[in-house]
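Heads up, the thing below is written out as structure tokens.
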Amino acid sequence: MMKTRGCCASICQCFFEYSTPKILVIRSFKVGTLNRITQALVIAYVIGYVCVLNKGYQDTDAVLSSVTTKVKGIALTNTSDLGLRIWDVADYVIPPQEENSFFVLTNLLITLNQTQSHCPEVPKTGFDCTSDRDCKAGSRDTRGNGVQTGKCVKYSAVDKTCEVLAWCPLELDKEPPNPPMLADAENFTVLIKNSIRYPKFNFNKRNILPYVNKTYLEQCVFNRITDPDCPIFRLKDMVTEANEDFQTMAVHGGVMGVQIRWECDLDMPSSWCVPRYTFRRLDNKDPVNNVAPGYNFRFAKYYKNGNNEETRTLIKGFGIRFDVIVFGQAGKFNIVPTLLNVGTGLALLGLVTVVCDWIVLTCMTKKNIYNEEKYSYVDDFQLLSNETP
């Protein structure tokens with residue numbers, strides 16, 4: 001019975017305890033120096049990093065963006081297939097408009113005067129034959145060029161392949177020309193129009209800055225030193241800034257990234273909010289893993305000949321796709337993040353006392369004296385019982 005009462009009394013005392021800080025001044029050069037250095041580090045972190053460098057007093061918003069492009073330039077080619085030919089923007093920009101990107105044709109393989117007829121399949125695994133029994137009529141293969149007729153015919157003096165119903169003559173699988181046919185594409189220019197918005201702050205801007213007039217826009221070309229705000233770029237300059245050679249890249253094609261970064265401090269004048277341009281190659285050009293390099297696709301142009309028969313010119317186009325990537329963040333003063341970061345700094349200052357207390361209790365030679373002075377107990381229950389007559 002006595003044990004039960006003692007246990008209840010202990011629980012009651014623990015439940016009704018209240019701890020209050022006790023100020024104990026320790027005159028120690030080592031502890032005082034450590035305390036002030038730690039406080040200085042916390043204050044430097046809060047003011048220098050959180051507030052100044054990281055702008056912890058600002059509310060932030062991510063950028064919303066739209067991009068349109070317009071390519072200009074003329075190329076001249078002279079080949080045995082096409083003769084002397086002029087290429088303008090309607091010929092080499094395919095398709096005319098894309099979302100946040102544009103493609104420029106730089107090289108091509110051309111198969112002229114194709115008609116729907118019968119011809120031998122190109123020699124490759126699965127299409128060689130020695131007799132009609134090796135060819136299955138109606139067979140289709142995604143690696144082939146047409147539908148098999150069931151006949152085995154001569155492809156050359158030494159090769160026989162299955163006959164197919166397809167667009168004949170078939171395209172030959174060969175390497176693209178080197179140097180590229182449209183080598184003049186390096187001098188093409190592109191106007192990139194980029195409009196951005198930060199909806200939280202109701203802030204809008206575009207990369208054609210207010211001081212840029214029509215006269216300047218007609219003659220400027222982006223240069224990082226002389227014309228860093230010009231939105232017209234020469235294709236070769238963009239590729240060169242990515243540490244690539246345009247003529248080498250133009251042979252098989254590739255993918256380039258045009259990065260536009262908007263970092264805006266809206267506590268400053270809006271004229272300080274300007275885009276920053278960087279360029280890099282996005283597709284893989286690993287010399288070891290170089291299977292299927294570059295960027296290419298096929299398209300055709302259709303005609304009617306004198307016999308009203310449909311013909312086409314098949315083009316395997318190689319070129320460079322430019323992806324315009326817009327990113328950024330805007331910041332503006334707001335009392336809420338300011339108070340949150342100031343409160344965090346005050347909490348960190350409170351930890352300095354905890355760290356110093358731990359060091360004193362574990363490392364100092366007079367830690368026992370400090371422990372006795374730091375912690376003392378006043379038992380109100382005992383005082384009340386002693387006051388009872």
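Count begins at 1; order follows the chain as displayed.
Just so it is clear, glycine is given a Cβ too, placed from its N, Cα and C backbone atoms.
Because TrEMBL annotations are produced automatically, they should be read as predictions rather than curated entries.
Around the Cβ of F297 (ATP binding site), a 10 Å sphere holds 12 further Cβ atoms from the protein chains shown. Per TrEMBL, the feature ATP binding site maps to K70, V71, K72, T189, N296, F297, R298, K316.
Counting only same-chain residues six or more apart in sequence, the Cβ atoms lying under 8 angstroms from the Cβ of C168 (disulfide bond) belong to Q114, T115, Q116, S117, H118, C119. Per TrEMBL, disulfide bond is recorded for C119-C168 (among others).
The disulfide bond annotation in TrEMBL covers C129-C152 (among others).
Sequence-distant contacts of C135 (disulfide bond), defined as residues of its own chain at least six apart whose C-beta falls under 8 angstroms from its C-beta, comprise C129, Q148, T149, G150, K151, C152, C162, E163. Taken from TrEMBL, the feature disulfide bond applies to C135-C162 (among others).
Positions annotated as N-linked glycosylation site by TrEMBL: N187. For N187 (N-linked glycosylation site), applying a Cβ distance below 8 Å and a minimum sequence separation of six or more within one chain yields G73, R234, L235, K236.
Look at TrEMBL and you will find C220-C230 (among others) tagged as disulfide bond.
Feature annotation from TrEMBL assigns disulfide bond to C264-C273 (among others).
Residues annotated as transmembrane segment in TrEMBL: 339-361.
Nearest in space to C264 (disulfide bond), taking C-alpha to C-alpha distance over the binding-site residues K72, N296, R298, is K72.
In this structure, the C-alpha atom of N296 (ATP binding site) lies 31 angstrom from that of C220 (disulfide bond). Cβ-based neighbour count (10 Å, all protein chains) for C119 (disulfide bond) stands at 20. It is 15 Å from the Cα atom of C230 (disulfide bond) to that of V71 (ATP binding site). The maximal spread of the ATP binding site, taken as the longest Cα to Cα distance among K70, V71, K72, T189, N296, F297, R298, K316, is 24 Å.
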